[in-house]
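Record features (Swiss-Prot):
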type     : residues      : note
SIGNAL   : 1-20          : signal peptide
DISULFID : Cys111-Cys164 : disulfide bond
DISULFID : Cys128-Cys158 : disulfide bond
CARBOHYD : Asn159        : N-linked glycosylation site
DISULFID : Cys177-Cys184 : disulfide bond
CARBOHYD : Asn197        : N-linked glycosylation site
DISULFID : Cys228-Cys246 : disulfide bond
DISULFID : Cys262-Cys267 : disulfide bond
CARBOHYD : Asn354        : N-linked glycosylation site
DISULFID : Cys382-Cys402 : disulfide bond
CARBOHYD : Asn384        : N-linked glycosylation site
CARBOHYD : Asn426        : N-linked glycosylation site
TRANSMEM : 482-504       : transmembrane segment
LIPID    : Cys503        : S-palmitoyl cysteine
Amino acid sequence: MVSAIVLYVLLAAAAHSAFAAEHCNAQMKTGPYKIKNLDITPPKETLQKDVEITIVETDYNENVIIGYKGYYQAYAYNGGSLDPNTRVEETMKTLNVGKEDLLMWSIRQQCEVGEELIDRWGSDSDDCFRDNEGRGQWVKGKELVKRQNNNHFAHHTCNKSWRCGISTSKMYSRLECQDDTDECQVYILDAEGNPINVTVDTVLHRDGVSMILKQKSTFTTRQIKAACLLIKDDKNNPESVTREHCLIDNDIYDLSKNTWNCKFNRCIKRKVEHRVKKRPPTWRHNVRAKYTEGDTATKGDLMHIQEELMYENDLLKMNIELMHAHINKLNNMLHDLIVSVAKVDERLIGNLMNNSVSSTFLSDDTFLLMPCTNPPAHTSNCYNNSIYKEGRWVANTDSSQCIDFSNYKELAIDDDVEFWIPTIGNTTYHDSWKDASGWSFIAQQKSNLITTMENTKFGGVGTSLSDITSMAEGELAAKLTSFMFGHVVNFVIILIVILFLYCMIRNRNRQY
């Protein structure tokens, strides 16, 4: 009787426990299943942070002494309107300035020219041919004055004016290094970005000026360690690098060709560790660009920006692929952990899938699933005379063990992923070659010459009608004198001919 009562109590307690907690139907098992692991794909990009880089640098611009000298000469003769020798001979000449003169001009900040000759006529007109070197007159700089007059009848007239200028200006330089010998040389660039032969020893005469380098160009060499991003087509072949961008002094340089990469006043080369294959057709480094660095709008800087954009894009892809691979690796590790724990907690897999199922393992990684009932959401470890204990719902008669966990705190047990995201955008911008102060000085002197040659000033003394007739002062009087003299001579000759004919006719009438 007593044993029957004990058995009844145990059955009642078991039934109450099953009713209060979840219930799984072992008759509705499905499967078998295995947890699917994710593929871990390594990124195509490889980041090397300690790449040895050789940098050769020179000054961005160089001081160039620029000077010019020339003269305008008008040598005229007035023999009257009937004299075919009446004319004005104009001469415009630019003189080459020698090395010694350029250096002296630079020291004195003055240039040397000849004497201004204004309305020299008669024997004084020979002064036009006495000094064609331009010596004796030191000025800060001057522009010639175009003078013409031919108002001295039966005499020669000379007008001669000088121009000169001196400036120590900047011209942009470019450094070039030979791949075979690693020898480097500095070139001075013209307005189009082409190298010109300006040295400290030889004067270059071009564009109407003479120029010489003030000091010999020098360059420095240094070694640094930089972060380089290697892009690979074939992840399994370490020799398949097709692109390599390095972050150097906040600028991005393409070192894909393992040769000297020269931009403006800097050349960069890295230690050869691998052979770079041919680049994809979408962006060819070894094909000449449709633009030239240093042109108007600084297209060389646009090339720099393009390199930065490509670098940033490749870096972003690398970081995303690294993150994807890292997440997949963690997921696979988590899968192994889930399988291990699910052998103890049969509801784990169902909870992770947000589904009320229970798992029963057939082997180390294969299991069956069965549907289960689940209590509603709650904020306590107790529910309907049940308590959640050691991963399961069990019967509970001690309410003191119930805990309200509505105000819980989060505990961090892992760290965030560290990404390599350098700050870029501090690109070193360069001016256009033609914006160098030296070429601006040359362009300005050309403009001044064009302006002064468009305005002619006439010397001499004479008529007040020069502004109306566009003649030199005194030239109108000379022309009128020549005109009257010529007509008087013609009148006398015609009168003599008429008298001669009259006399002949009269004598002939007398004979008859």
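All residue numbers here begin at 1 and follow the chain in the order shown.
Using the three backbone atoms N, Cα and C, a Cβ is placed for every residue, glycine included.
In space, Cys184 is the closest of the recorded positions Cys184, Asn354, Cys503 to Cys262 (disulfide bond), judged by Cα positions. Of all the disulfide-bonded residues listed (Cys228, Cys267), Cys267 sits in the most crowded Cβ setting, with the most other Cβ atoms within 10 Å. Take the disulfide-bonded residues Cys128, Cys262: by the count of other Cβ atoms within 10 Å of each Cβ, the lowest one is Cys262. Other Cβ atoms within 10 Å of the Cβ of Asn197 (N-linked glycosylation site), summed over all protein chains shown, number 10. Candidate recorded positions: Cys158, Cys164, Cys228, Asn354, Cys382. Nearest to Cys184 (disulfide bond) by Cα distance: Cys228.
Ranked by Cα separation from Cys503 (S-palmitoyl cysteine), the disulfide-bonded residues Cys128, Cys158, Cys246 are led by Cys158. Its own atom aside, the Cβ of Cys158 (disulfide bond) has 22 Cβ atoms within 10 angstroms in the protein chains shown. Remark: of the recorded positions Cys111, Cys177, Cys246, Cys503, the most isolated position is Cys503 (fewest other Cβ atoms within 10 Å of its Cβ). Fewest other C-beta atoms within 10 Å: among the disulfide-bonded residues Cys164, Cys184, Cys382, Cys402, that description fits Cys402. With respect to their backbone Cα atoms, Asn384 (N-linked glycosylation site) and Cys111 (disulfide bond) stand 109 Å from each other. Comparing the glycosylation sites Asn159, Asn384 on other C-beta atoms within 10 angstroms of each C-beta gives the minimum for Asn384. Cys228 (disulfide bond) falls within a strand when secondary structure is assigned with DSSP.
Across the structure, Cys402 (disulfide bond) and Asn354 (N-linked glycosylation site) are spaced 25 Å apart at their Cα atoms. In the three-state DSSP classification, Cys164 (disulfide bond) falls within a strand.
Within 10 Å of the Cα of Cys128 (disulfide bond), the following recorded positions from the list Asn159, Cys177, Asn197 place their own Cα: Asn159. Taking Cys164, Cys177, Cys382 as the disulfide-bonded residues under consideration, the smallest Cα distance to Asn354 (N-linked glycosylation site) is found for Cys382.
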